[in-house]
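Working notes for the structure below.
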Amino acid sequence: MQKSEILFLIYSSLLLSSSLCQIPVDKLSNVGVIINEGKLLKIAGSYESRYIVLSLVPSIDLEDGCGTTQIIQYKNLLNRLLIPLKDALDLQESLITITNDTTVTNDNPQSRFFGAVIGTIALGVATAAQITAGIALAEAREARKDIALIKDSIIKTHNSVELIQRGIGEQIIALKTLQDFVNNEIRPAIGELRCETTALKLGIKLTQHYSELATAFSSNLGTIGEKSLTLQALSSLYSANITEILSTIKKDKSDIYDIIYTEQVKGTVIDVDLEKYMVTLLVKIPILSEIPGVLIYRASSISYNIEGEEWHVAIPNYIINKASSLGGADVTNCIESRLAYICPRDPTQLIPDNQQKCILGDVSKCPVTKVINNLVPKFAFINGGVVANCIASTCTCGTNRIPVNQDRSRGVTFLTYTNCGLIGINGIELYANKRGRDTTWGNQIIKVGPAVSIRPVDISLNLASATNFLEESKIELMKAKAIISAVGGWHNTESTQIIIIIIVCILIIIICGILYYLYRVRRLLVMINSTHNSPVNTYTLESRMRNPYIGNNSN
């Protein structure tokens, strides 16, 4: 191992250790929170291009037509492999049109395909795949002149590998398949062996090569899309090493390792020549930029028991540590290597303040949810051992399967090779790593943090009912609005106002007439009452005539 590699490993270890000191891993494990070792963050924002021209048929001048039949049969095999690929490329080029803006200066014209306008003829809107294909097509057209030159050079030379440098700094590597075999074995054998033997030997080698070609390059030669380029395809078939191609780029060795480990060397077929039996691959090598002082941790949690109840800490799946600040990380579009996460952009996400305090060791701030089913994990691996909730689970130790009794004051139990050996969790048995250590953190009291709900609630039916109700209410409101609008329009006209005034006047006259009539009736009643109550002089009328019978009797 070289000195630079040793220094890099030491630097990485120190960086990881210094960052882990900020997150109390042992303390968090007591509430079931498991924090794995952090990894670096690298951004893959752009890429460099390389072109590989594969010459599938070797240059060989066979005397007396020796081996011609085998070459023809081999070409027929290649036709069945390459013709569909050629047809797909022609279809792609017919659907995608590229307009290159060219600026003319005192020097040579400069083509700007970073400003290319990509459109589609048959399809109205360009999709992401079409845009990618259009960019690859534009780059292929830019390199077509150089590729044509090296094709001619391949035909004239007997070398198995050719390399040219483009004016813009890109390299085109020409790999001539089977050429070394032809140079070293077939040509010398022509003068020593009979034609049939030489042709048979050549045919066997060509068939073997075709089989290896179809196997190793099946992902690239089976589609016009972008696929990972394997190391075996280049090293075994074409006598080249991908690390040599990568070494031409000024990259750190750790970046090269991450690129190879994550299979980020992408190859796309951009040209198929059925006359010369040559295939051109556009190889993209990402450019990585490490973000200094940033680490990403994978986090998980198991249930823990406290105060006789089972709880589960809600924590992000990934945590990012930037200097003195913590946050979540969305690594959905990232690729994980052994030492780093390679992301197309910064994956940082904001997390609540209580989660930050929880990750920094204040377990009383950890948001928790009460466990009501068995879907929450009950154990996890940590430091070569196992951390488990042995109150909610059945834990055993050793080959005798001795039950583990967890102290009620402790949230979880740590089982290692030293104190347990053979570990059993709910019937699952496993052996701990001999180098594992017991992770303990004092005897401090663990407090339950704020309770939150992380269970997904299905409210689709309620939402549907509410939506229907709102739609019906909207219809009724529109009807009411129409009625109000109709009612509100008639009283604003001038004729209606005049009619209202006349009606009011008539009503006033009628009311006045009624009042006058009532007044007269009342006055008449008053006069009648006064007449009956006044005194009357009574006179008695006596007859002046005497009764004749009375006078006679007196006499």
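Note that Cβ sites are derived from N, Cα and C of the backbone, with glycine treated the same way.
Residues or ranges marked as coiled coil in Swiss-Prot (evidence: sequence analysis): 138-166 (among others).
For 462-487 (among others), the entry in Swiss-Prot reads coiled coil, with the evidence type sequence analysis. Computed over the coiled coil (462-487), the whole-number mean pLDDT of the model equals 65.
In the three-state DSSP reading, Cys334 (disulfide bond) counts as coil. Counting only residues at least six positions away in the same chain, the Cβ atoms of Tyr341, Ile342, Cys343, Pro344, Pro347 sit under 8 Å from the Cβ of Cys334 (disulfide bond). Taken from Swiss-Prot, the feature disulfide bond applies to Cys334-Cys343 (among others), supported by similarity to another entry.
Here Swiss-Prot flags Cys358-Cys366 (among others) as disulfide bond. There are 27 other Cβ atoms within 10 Å of the Cβ belonging to Cys366 (disulfide bond). Under the three-state DSSP scheme, Cys366 (disulfide bond) falls in the coil class.
Annotation note: Cys395 (disulfide bond) sits in a strand segment as assigned by DSSP. Long-range C-beta contacts of Cys395 (disulfide bond), restricted to its own chain and to partners at least six residues apart, with a cutoff below 8 Å, comprise Ala388, Pro403, Val404, Gln406, Thr413, Leu415, Ile423, Gly424, Ile425. Look at Swiss-Prot and you will find Cys390-Cys395 (among others) tagged as disulfide bond, backed by similarity to another entry.
Packing around Cys397 (disulfide bond) is summarised by its Cβ count: 17 other Cβ atoms lie within 10 angstroms of its Cβ, all protein chains included. The annotation disulfide bond is assigned in Swiss-Prot to Cys397-Cys420 (among others) on the grounds of similarity to another entry.
According to Swiss-Prot, the N-linked glycosylation site annotation covers Asn100 (among others), on the basis of sequence analysis.
The N-linked glycosylation site annotation in Swiss-Prot covers Asn241 (among others).
Under the heading region 'Fusion peptide', Swiss-Prot lists 113-137.
Under the heading signal peptide, Swiss-Prot lists 1-21.
Sequence annotations record features per position, and here Swiss-Prot assigns topological domain 'Extracellular' to 22-496.
For 518-555, the entry in Swiss-Prot reads topological domain 'Cytoplasmic'.
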(request) Going by Cα-Cα distance, pick out whichever of the disulfide-bonded residues Cys390, Cys397, Cys420 is nearest to Cys366 (disulfide bond). (result) Cys390
(request) Select the closest residue to Cys390 (disulfide bond) from the following disulfide-bonded residues, measuring between CA atoms: Cys358, Cys397, Cys420. (result) Cys397
